[in-house]
Amino acid sequence: MTPPMTPPVTGRGPVLSVRDISKTFPGQRALSSVDLTVQPGEVHALLGHNGSGKSTLIKVLAGFHVPDAGGEVLVNGEPLELGAPSRSHERGLRFVHQDLALLGPMTVAENMAFTIGHVRTRVGTIDRDSERSRTTALMDRIGIQVDVDAKVEDLDPIDRAIVGIARALDGLDGNGGLLVLDEPTAALPPHEVGRLFAVVRDLRDRGVSCLYVTHRMDEVHELTDTFTVLRDGEVVQSGRTADYSGDELIGFILGAQARQQTRTPGGARESTDGEGRAGAALVVENLRAARVERFSLSVAPGEVVGIAGVMGSGREFIGPALTGAVSATADRYQTSRGPIGAISPRNTRRHGVVMVPGTRGPGSMIESFSVTENLTFATLDRYSRLGWLDRPGERRAATSWVQRFGVRPADPDRALRYLSGGNKQKVLVAKWLNTDPSVVVMDEPTAGVDVGASAAIHDMIVDVAAQGVACIVTSSDLDDLIAVATRVIVMDRGVVTATLSGEQIEKNSILSAMSGATDARADRADRADLADLMERSRQPDHLDLEEPHV
Amino acid sequence: MSDLAVEPVAADEKTARSARSGLARLSFRNVGAVYVWLAIIVLFGVLSPDSFLTADTARTVLNNYSVTGLVALSLVIPMAAGLFDASVGNMVGLAGIFSAYAVATWDLGGGTAILLTLVLCALCGLFNGFVVVVLRVHSLIGTLATGSLFLALTLAISKEQSITQNVGRLRSVLAGHYVLTVTIPVIVFLALTVVLTVVMDRTTVGRSWYALGFDAEVGRLVGLRVRSLQMTALVIAAVISGVAGMLLTARIGSASPAVGPSYLLPAFAAVFLGATQFRGGRFNAPGTAVAVLMIGTGTIGLSLAGAPTWSSQVFQGVVLIAAIALSSFGRRG
């Protein structure tokens, strides 16, 4: 067990001072001469798009990356030895990563012991009682009661996050110390975010500063005192949060030109509500699946329907339900090719209804396959005769997509795992567009790609629609919907609560439709009986897809 | 879409890449087993130049290791599809005994007995599929269990005795003649290597098996029939290892109930080592074949050099560890 450690507090200087830190990876400058200061008792927001350098900076602080020569990091005024995780830990830098790395089937106390050391009895066996009381003490310190004998997998996401924080704080006694929270709310339902904020504020009041990484702008003003915005590895702005409006902060994150992005609803992009039209690309009535209740939709060829909704609204389950990735039923499911039988991936694929998933993780792509093999995998029948692959044909098709989307490196034979996230996303989109779909559902099409690439993806969606494909875009990023949608559907708890079109498709209208839905939900939640609430809280927060076998 | 169009790949980038991939093809990481194989040949060539460096040795390696090679090849498809099949060793034993029993006890002709055995193998493969694909037992555990049942069946049929009566009928079909101085099992082994190479590299079903092995969910979402593909993989494995069992019985001229399990370890060693070769981490037939021949050459070389018999077990164990260590390095890198 690590002995309790009191980081030396020398003077009243900044708790963390990053000076002129750069980090160059082969072929890429991830950080260039970054400065960042966190004062004692301050919550400092670290903002920026994915790929802006936030993660690299955190890994430098944690000692996982050695930065380029030249810069320095001071903790409480004294230089930190860089590239040594144990040194960072001793000096009071503590990290709670997005992936909490807790073992679900083991108890809270057991999880604690794994990272902070086991308590031994005199004969060398594990002293369970001491471990339990130690864990209780750690939880008490942040003022939260969690059953230390509960299995972590049975806890609510918020309690899991708090266990992660308590574990990180072990050995950090007294004043000083810096807690780095990397997108702690990404996995939390909205109503539990407040509990996390309370913990962070409480820690701040007791002298533990916080470097808070987030994508959610509403959290920045609510929680943080100061901020730093990174873009392309450089600090573009820092200051006191209160001095800047949310729009200004978004402007810093996106860069100047992106804010002027305007809708270009030409005549062809007028809302064409496909309801009742004989030529609808897809008509669905009363679609039901896990987290989706009686969802109805009709989309015309060339239309782009945006689906908005807060996390947990069911928005992200529309694509999987429409394509049979999760088990789903509907009273009516009809495409231009006629009614579908069972909603299965095989049937929907045959009817030209495809989904571009929002994550590039397992289930979306095969990392060990080449770009070509990934690109053609959804349409192998087109590149084969009697089961015999036409490999030159595959390669030609892949080469043309690689050129068209500007995939880097422009090598169709390269294994996918060697591509960056943005380039993988391009291959993923190309894979499904290459099937000549009549309906494309895209979930979070711009998640994790930089501003330039998201503009390109927006153009691409508009372009695909112009070729007569019906597009359904489900996104938590309103800019996606505003940029491309001809109609926006707002969802809450699995049902449609509002439909907006034309002039209504702008940020405030969508937000008010969404918040109206959320208020209504809060009312309903008040009335809902306890059993229902408990049932909801037990539902897993991930897609309940069939486990890949073996 | 014009915004997405970008400058074409520079010509020099292309040349650099092709030069790189040419070298990469011969790198130790890609064809290490070939180098180790050559080193083994050189080593034993120096240790016992008169007896080792002969055509006889080459023929002995091929003849003695073609059955092992077939069992290893039987694992290529299920392993590529992400399924272990630990029952192939006992499948060898069962097919060997059953075919001999059919000619000995039922007095069947060679060809009929072989056909009947193939049907039995396919049924055993289906049973593996039922356990692994339908009941969703983890493939390693499930096939260890079914393998135990196959072994029990083997012992029950044979009454734990070797069968020699009428086995010559199998021999006349399967091992009676030589083609270009090698036996029929060798021809089957080499031919199957070629067939599996083509199937895995050039057909949609091969590509689909690989996809299932890497991420079955991706396959399901593009509309593959995941279960049938997994089922087929296990049936093919059982049939190939069954053929290996019959060839073994025919070559030796008798069927022994205890012979199967000894084929499992070298087969897994070869298929894992093979996966590190040629195809950058994918289970593949040519890599497996080279690995078998490497193991065979090493083992025969050891015995010609007068090493004790247990040294071949040491050699196989070391190869299996080295193969798996190499393949996990390959996956990390």
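Glycine is no exception: its Cβ is also placed from the backbone N, Cα and C atoms.
A TrEMBL annotation is a machine prediction, not a hand-curated record.
Looking at the stretches B:208-227, B:288-307, the one that TrEMBL records under the feature transmembrane segment is B:288-307. Take the transmembrane segment (B:233-252) and the stretches B:26-47, B:114-135, B:140-158, B:258-276: counting Cβ pairs under 8 Å, B:114-135 has the most. Between the transmembrane segment (B:288-307) and the transmembrane segment (B:114-135) there are fewer than 3 Cβ pairs closer than 8 Å, counting only residues 6 or more apart in sequence, so the two stretches are not in contact. Remote same-chain partners of the transmembrane segment (B:178-199), defined as residues 6 or more beyond its termini with a Cβ less than 8 Å from a stretch Cβ, comprise 59, 62-63, 66-67, 69-70, 73, 76-77, 205-206, 240, 243-244, 247-248, 251, 284-286, 288-289.
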